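*Asks:* Sharing a structure, written as structure tokens. Questions coming.
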Amino acid sequence: MASLSSTPSMEEEKEGSVSVQQSNPQSQHIAASSSTMDLPSNPSWFTPKRLLFIFCVVNMINYLDRGTIASNGVNGKKRTCDDKGICKSGSGIQGDFDLTNFQDGLLSSAFMVGLLVSSPVFASLAKSHNPFRLIGVGLSVFTLATAGCGAAPSFWFIAICRMLVGVGEASFISLAAPFIDDNAPVSQKTAWLAVFYMCIPTGIALGYVYGGLVGEHLNWRYAFWGEALLMFPFAVFGFVVKPLQLKGFSSVESKKALTPMETVSTVTDDSDASKVKGPILVGGDGISADELNKTSKSLDIHNILNRLSQFGKDMKVLLVDKVYVVNVLGYVAYTFVLGAYGYWGPKAGYNIYHMKSADMLFGGITVVCGIFGTIAGGFILDRMSATINHAFILLSGATFLGAISCFSAFCLRNLYGFLVLFAVGELLLFAAQAPVNFVCLHCVKPSLRPLAMAMSTVSIHIFGDVPSSPLFGVVQDHINNWRTTTLMLTSIFFLAAGFWFIGIFLPSVDKSNDENETQVSPNPMVDTKTLPDGNGDKGPAEVQGSNFRPPC
């Protein structure tokens, strides 16, 4: 090992910065911090606002898919026969594959299987791989899976493709919000989250309209192929741009740790040490290539076990956090209703009020109320002073009033009265989108944010909108009364308001700026080691010459 500490030759000086980073991770951390301080005011084109815009478009496409498969144009209707034996052919997915309401509702939730499995996996991988690259992987899977939905020859094929769509969404929903929270202005963090989550109702609403138009004028398959084309450039973007870094994750953690095998490779100046046939001398001891390979395999197993152990510890931290648990419980009940609304809403409106353009009406109400409600919730919380306690006050109040309005709307028999009350209810309910995610991000340390978002997503889907759509179908098949079934569903909003009301009285601390967290830089958008302007990596001389002074 003496060669590591010897003076480098003229030929080795060209790779001085790489050697420093490999041999001394602490110096790499200092270099990252000092380069941030000495950065000239020449920002990359990849600014925080542009990052927000890109993430908003991707989020909108994700939820466009959900609205598309729920639209009458794509989802369609099943084949029906009257008492005289006269049958009408079905349309869309339900008609082509002759699905029952239960199978139809199951199909809408099939993609959640992939999402539930993949979300915690992507969150854990963020500690050893760059989160920005992980988003690119997810968007690539989404693109291929939606194309597969359009080519599906059977129910089971499209169900599998829907599961893969969930895998594609998993990386994005777990990692996008922490990126936005890192780069938003301090006084507008909730407002920026509101803009991002505004794309949920907007995407679903546009999906209703898009699916209805494409299904009516072309074929439901073309709707999925269109989604794949829309997402493709963003999937490519995730790989070609230099990746950004999340707060709470040092650049050392985002790369492969230096293992003994890699140390051997550094000593011998051979990047392909595994191909060496003879013994390798390290400190006077001979190590054969076979022994080296065995060591590598044992290290891989050890790393996997360490990751599983760390995952278990992180999960324990989340489960004992009362603020996090109460927030997620309210979010589960809230999503249970919204998930069934999103899928069955157009059909319920058509059957209760005989709407001729149920897709257009529900789409219009959802997009308008979703945009204004979500943005209003974010800005109101910022004006109240964005704290966890104030977020719970806003969540419980808005959800309770929204539940009263929506419940009253479905009690009315007049279409126009229903539309007014339902619009007011959705306006209030969507005000919860930004505050509930603000609590998830700020009640945990920065390094736990991806896992907190992932497990929140897993919970709201596995207990929320995954079972709600098929259960609504089962209840409707049993009682055969759309109004009664919808009223039963809407009453669950009161449970959500109750959970969030409990949160008001829990002691809460904002941990988003925990000083014990290891960071690359206060603002990842100006980290020269990650921005795509190529001004980044500094050599050893620049590390020594910087103004950085480590704490005593």
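Every residue gets a Cβ built from N, Cα and C, even glycine.
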*Asks:* Quick one: which of 132-148, 455-471 does TrEMBL have down as transmembrane segment?
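*Replies:* Going through 132-148, 455-471 one by one, TrEMBL flags 132-148 as transmembrane segment.
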*Asks:* Mean pLDDT, the domain 'Major facilitator superfamily (MFS) profile' (51-515)?
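*Replies:* Overall, the domain 'Major facilitator superfamily (MFS) profile' (51-515) comes to a mean pLDDT of 82.
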*Asks:* Should anything in the same chain at least six residues away from the transmembrane segment (416-439) have a Cβ under 8 Å from its Cβ atoms, list it; otherwise answer none.
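*Replies:* Answer is 177, 189-191, 193-194, 197-198, 200-201, 323-324, 327, 330-331, 334, 338, 353, 361, 365-366, 368-370, 372-374, 376-378, 380-381, 386, 388, 391-392, 394-395, 398-399, 401-410, 453, 456, 493, 500, 503.
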